Amino acid sequence: MTILHDKQVQALKLFEKLSVAATGEPVPADQIDERLRNITTLGPNEFFSCFYPDHLEQAKRVYEVFCHAANFDDFVSLAKQARSFMNSTLFAFSAEVALLHREDCRGVIVPPVQEVFADRFIPADSLIKAFTLATTTQPGDESDIIVDVKDTGNILDPEYKLAYFREDIGVNAHHWHWHVVYPSTYDPAFFGKVKDRKGELFYYMHQQMCARYDCERLSNGLNRMIPFHNFNEPLGGYAAHLTHVASGRHYAQRPDGLAMHDVREVDVQDMERWTERIMEAIDLRRVISPTGEYIPLDEEHGADILGALIESSYESKNRGYYGSLHNWGHVMMAYIHDPDGRFRETPGVMTDTATSLRDPIFYRYHRFIDNVFQEYKKTLPVYSKDNLDFPQVTITDVKVKAKIPNVVHTFIREDELELSHCLHFAKPGSVRARYHHLDHESFSYIISAQNNSNADKQATVRIFLAPTYDELGNDISLDEQRRLYIEMDKFYHTLRPGKNTIVRSSTDSSVTLSSVHTFKELLRGEDLVEGQTEFCSCGWPQHLLVPKGNEKGMQFDLFVMLTDASVDRVQSGDGTPLCADALSYCGVLDQKYPDKRAMGYPFDRKITADTHEEFLTGNMNISHVTVRFQD
């Protein structure tokens, strides 16, 4: 066993069966390491939230202790002690942050959260059935147990048409891991490193989630979502049917018609006041610091400053004045049924980064947040032809190579999730949940380009996809459509003088995870190579790269743009980039975001052109692609 493999195995043991009583003897209080002794944390049965300030501060103290450990063995020793008495979710979050940011953990892969906390992904009735089957097997029976995941809703709720997307295991795992890679309490002073454009990435990743959700809504014959816009409006209901096994209690449901109320720490008026102050800062194009200084919201840094302000994170320029609009919104919605805690009810799924994407209100609230960012984008000048053009480079044709040219087929695929690393079934053998998810056929982009110069040109290839028609079958105006464009890929390519053909597989997307490593694979040491690119588990699931489309075939506009890579490139750090798997949504760990352009360029700003033809420059091209769902 290599040193790296040994580290991997030790790390995995920290996450085994966290949802039940910790394995091994608890550490006596007087023997707990003094570095952990004075940290006050949540009780073991409470619901940890990456949005609740007190919980975040507790986790910050824990992961900073882990990161300060003298060496890997010291870290593991501290972590073993911590897991014996700490809240399991708080511990897992803190341990993952440490694994990703400790130098001596380079190459160690964080385990899939869907196996660590399977109870956040698999409905309670399926887990109960698994327990029932496991406890009624004959002694010595080591055969596998497989339970089917049942539906969590029905056709009485129109929103249930989107359950395949909102409740997708890969999507929710991505959201958990993104907030591990980019914790809002990340302190650059402690780590000695600034996470480049972290605030802007917060804006862009969530904007893309909203765009993808609206694409799925149109695929299913639903209207695009109505953004949340009123803190006093009654909200639609949602029931996740998930159980928080560590406490033995359900994530609370939200009945139809409840409105947000004051919680103990924050009033609804605070939320309205923070929104007004942020909007005023956008109108004035500057934010005010605690000392009264003005910080401009310029073209280069404005989105990053706003992202930190709205989330809010440690990089917020003035949290006392601008508050924490995003995080407290999650908390208020999670406790909408018991805002002051008088009934001691558990929160809803909006409290947890591993579950919040299941709730339809997540997308409506984030569209509201995105609308705030769009107000800032309106203050920026419209991209001129000079901002968009790539002199002497033209795209002559764009095609999609699939079984049928320019037609991508989607379908439902069956998959399984191992439960035995989360729960103790008191039997040997595997216990798995069988579920279904959307998937698509593999395809390739074929891009024909012309380099009219006499020298090689380095190009950045940018690929986006958006629906052509709205819910009524009308053409979507370009300025509306720009907010529906989902990024499909972004990569560098060398253009030789003359004609060029660029071929790119959908499986190489800069948006998606290349693969998901299971506990079993990691324990065997698969894909562990010293010095290789580290795997952060952050990235959009490959199976949801393409929207569902419909049975008739739904038309999308495939937009391809070539830009000058010599202008786009940033100066990278030394060595192999870390966590560079899904760089569009997740960036590159410990290095600058690998694109100088604004995230979402060229669709991040208002477009005054009425048609694609009016907007396009020679280095762009539009192709019509059909996405057809096969049931």
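Any Cβ shown, glycine's included, is placed from N, Cα and C.
For His175, His179, His206, the entry in Swiss-Prot reads Cu cation 1 binding site. For His175 (Cu cation 1 binding site), the same-chain residues lying six or more positions away in sequence with a CB closer than 8 A to its CB are Thr353, Ala354, Ser356, Leu357. According to DSSP, His175 (Cu cation 1 binding site) sits within a helical segment.
Taken from Swiss-Prot, the feature Cu cation 2 binding site applies to His326, His330, His366, supported by a curator's inference. Listed in sequence order, Phe51, Ile310, Glu311, Ser312, Ile369 are the same-chain residues at least 6 apart in sequence whose CB falls under 8 Å from the CB of His326 (Cu cation 2 binding site).
Taken from Swiss-Prot, the feature disulfide bond applies to Cys538-Cys586, supported by similarity to another entry. Following the DSSP three-state reduction, the secondary structure of Cys538 (disulfide bond) is coil.
Taking Cβ-Cβ distances under 8 Å and a sequence gap of 6 or more within the same chain, Asn38 (N-linked glycosylation site) has no neighbours at all. Under the heading N-linked glycosylation site, Swiss-Prot lists Asn38 (among others), citing sequence analysis as support.
For Asn87 (N-linked glycosylation site), applying a Cβ distance below 8 Å and a minimum sequence separation of six or more within one chain yields Thr41, Leu42, Gly43, Pro44, Glu46, Phe48, Ala246. The N-linked glycosylation site annotation in Swiss-Prot covers Asn87 (among others), and the record cites sequence analysis as its basis.
Applying an 8 A CB threshold to same-chain residues 6+ apart, the list for Asn451 (N-linked glycosylation site) reads Gln392, Val393, Lys457, Leu495, Arg496, Pro497, Gly498, Asn500. As annotated by Swiss-Prot, N-linked glycosylation site applies to Asn451 (among others).
Feature annotation from Swiss-Prot assigns N-linked glycosylation site to Asn621 (among others). The local packing around Asn621 (N-linked glycosylation site), expressed as other Cβ atoms within 10 Å of its Cβ over all shown chains, amounts to 20.
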>> Looking at the recorded positions listed here (His330, His366, Cys538, Asn621), whose Cα lies nearest to that of His179 (Cu cation 1 binding site)?
In response: Cys538
> How many Å separate the Cα atoms of Asn621 (N-linked glycosylation site) and His206 (Cu cation 1 binding site)?
Replying inline: 26
> Could you state the CA-to-CA distance between Cys538 (disulfide bond) and His206 (Cu cation 1 binding site) to the nearest Å?
Replying inline: 14
> What are the other residues, in sequence order, whose C-beta lies within 8 angstroms of the center of the C-beta atoms of His175, His179, His206 at the Cu cation 1 site?
Replying inline: His174, Trp176, Trp178, Phe202, Met205, Met209, Thr353, Ser356, Leu357
>> Roughly how many Å lie between the Cα atoms of Cys586 (disulfide bond) and His206 (Cu cation 1 binding site), rounded to a whole value?
In response: 11
> Here are some binding-site residues: His179, His366. Which one has the most Cβ atoms within 10 Å of its Cβ?
Replying inline: His366
> Over all shown protein chains, what is the count of other CB atoms within 10 A of the CB belonging to Cys586 (disulfide bond)?
Replying inline: 26
